[in-house]
Amino acid sequence: RWLVAGRASRRLVLVVVFVALLLDNMLLTVVVPIVPTFLYTTEYEGTNSSVAPARTEPAPPALKAPPFSSMFSYFDNSTVTVSGSMSAVDLANGTESSHPPQPLASSPPLPSGCPEGKEFLAKENIRVGLLFASKALVQLVTNPFVGLLTNRIGYHIPMFIGFIIMFLSTVMFAFSGTYTLLFIARALQGIGSSFSSVAGLGMLASVYTDDFERGNAMGIALGGLALGVLIGAPFGSVMYAFVGKSSPFLVLAFLALLDGALQLCILQPSKISPESTKGTPVFTLLRDPYILVAAGALCFSNMGVAMLEPTLPIWMMQTMCSPKWQLGMAFLPASISYLIGTNLFGILANKMGRWLCSLIGMAVVGISLLCVPLAKNIYGLIGPNSGLGFAIGMVDSSMMPIMGYLVDLRHTSVYGNVYAIADVAFCMGFAIGPSTGGAIVRAIGFPRLMIIIGVINIAYAPLCWYLRNPTAKEEKIAILSQECPMQTKSYTTQKTLRDFPLTDDSDVEAE
């Protein structure tokens with residue numbers, strides 16, 4: 001009875017999507033502080049281990065005659081004999097006076113915590129950027145196919161496929177020791193993330209048919225995304241610094257198994273439930289200017305944080321000499337503020353106007369990115385990263401419900417394709433950002449990169465005004481017009497034949 005009641009509950013469906021997005025984004029961000037330091041440790045220090053013996057062999061001549069001990073004894077160049085064993089040094093005192101500066105010249109690099117190999121770190125910007133972008137690039141290609149698949153077989157099976165692929169990717173991350181294996185694991189994560197995010201958001205849009213309830217549900221689901229981003233980077237940096245590389249991924253693999261068990265209980269992964277009506281084709285949706293504006297807002301606002309992921313830790317290693325645990329903690333303010341922003345504006349955006357919320361959010365994103373290079377230490381990053389996360393939360397919690405609303409307003413109310421487009425926009429930001437960010441940093445520097453992407457966000461913000469009052473098809477004006485007192489009833493009666501909630505008695509409950 002509990003299982004049947006659980007499958008009939010919309011809230012438990014929301015819990016399933018929340019947990020899936022949480023684990024996906026924990027895996028997305030847990031590698032951010034791990035990969036740069038792991039590659040630096042294994043590749044740069046590994047290559048220098050063969051050079052180190054050659055540099056230590058010339059060291060004994062400098063230590064052969066103890067210059068420091070003789071310096072204290074014979075600093076005045078006098079003939080005073082302290083001990084008989086030191087008389088040999090007294091004879092060479094005039095010639096050895098030039099040797100003490102040599103140890104002093106080699107000592108300053110040791111107290112400073114900055115890593116060596118500036119050229120290696122500059123090249124690593126590009127390699128780490130490509131590694132991070134591989135997930136988004138693969139997800140970008142996979143999303144349209146997943147959108148078509150959800151229209152044909154429903155949301156249950158794609159959701160479970162996403163869990164399986166995510167689990168395999170997590171295990172592969174745990175035991176990968178080379179750049180190539182890490183790259184493959186990251187690309188495999190993109191496939192699993194495509195299945196989970198498109199099917200999960202489409203499932204929520206089909207369950208929560210009222211626009212206001214859908215906005216709240218999307219805000220809660222994006223809170224799972226935010227919580228994953230919040231926990232991922234600090235969790236990864238602390239576990240990697242004190243336990244080891246494999247430990248955070250093994251913990252995530254265990255949590256993924258629990259998520260799979262939850263999906264087996266709440267969803268029906270063996271059940272095929274195609275949409276009752278044919279959805280609007282992807283290319284038709286892409287010709288809709290309102291959908292393009294909303295997708296562009298998602299892309300550019302998330303591109304800023306996507307550029308920060310591979311470049312900020314390396315910039316902190318170069319300029320702030322930050323230890324391993326600080327590389328992930330730098331993203332903590334952005335994650336906390338994103339979590340607050342998505343939950344807060346999931347409700348407020350509908351009242352203040354989602355177009356206005358996204359416009360203000362994009363402007364704040366740009367200003368925050370311009371302030372990031374001004375930081376001199378990790379504490380200087382708290383303000384800009386907090387503003388960045390809060391503003392991206394404003395944009396995401398506004399644009400995701402707008403996507404579903406635009407489909408209801410102007411197209412057929414089938415959501416797989418439109419959330420595939422939303423996820424494509426999200427992934428384009430995370431594909432273009434890391435892949436180009438590393439090359440731009442190497443060419444013109446990190447501060448100028450932040451100026452470029454910040455100005456782009458500020459310049460794009462006024463286009464959100466275009467979403468203030470989108471036009472509807474004539475046959476849907478009477479149903480979805482805000483002036484119509486029957487808005488909710490007319491809107492929800494279209495969904496009475498849908499096979500949700502997830503029980504065989506769904507049609508009876510809908511009546």
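Placement of Cβ uses the backbone N, Cα and C atoms for every residue, glycine included.
Note that the structure is predicted; figures quoted are calculated from it, not measured.
Straight from TrEMBL, the features:
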- 100-111: compositional bias 'Pro residues' (COMPBIAS)
- 13-472: domain 'Major facilitator superfamily (MFS) profile' (DOMAIN)
- 92-111: region 'Disordered' (REGION)
- 12-35: transmembrane segment (TRANSMEM)
- 160-185: transmembrane segment (TRANSMEM)
- 191-208: transmembrane segment (TRANSMEM)
- 220-243: transmembrane segment (TRANSMEM)
- 249-269: transmembrane segment (TRANSMEM)
- 290-308: transmembrane segment (TRANSMEM)
- 328-348: transmembrane segment (TRANSMEM)
- 355-375: transmembrane segment (TRANSMEM)
- 387-407: transmembrane segment (TRANSMEM)
- 414-433: transmembrane segment (TRANSMEM)
- 445-467: transmembrane segment (TRANSMEM)
Pairs 6 or more apart in sequence, C-beta under 8 angstroms, 3 or more of them: is that satisfied by the transmembrane segment (191-208) and the transmembrane segment (414-433)?
yes
Averaged over the domain 'Major facilitator superfamily (MFS) profile' (13-472), what pLDDT does the predicted model reach?
77
Under 8 Å between C-beta atoms and at least six residues away from its ends: which parts of the chain pack against the transmembrane segment (328-348)?
29, 32-33, 215-216, 218-220, 222-223, 225-227, 229-238, 305, 308-309, 312-313, 316, 322, 357, 378, 381-383, 385-394, 396-398
Would you say the transmembrane segment (445-467) and the transmembrane segment (355-375) are in contact under the rule of three or more C-beta pairs closer than 8 Å, pairs 6 or more apart in sequence?
yes
Six or more residues out from either end of the transmembrane segment (160-185), which same-chain residues have a Cβ under 8 Å from its Cβ atoms?
20, 23-24, 27, 31, 35, 39, 42-43, 127, 130-131, 134, 191-197, 199, 245-246, 249-250, 252-253, 256-257, 259-260, 263-264, 267, 269
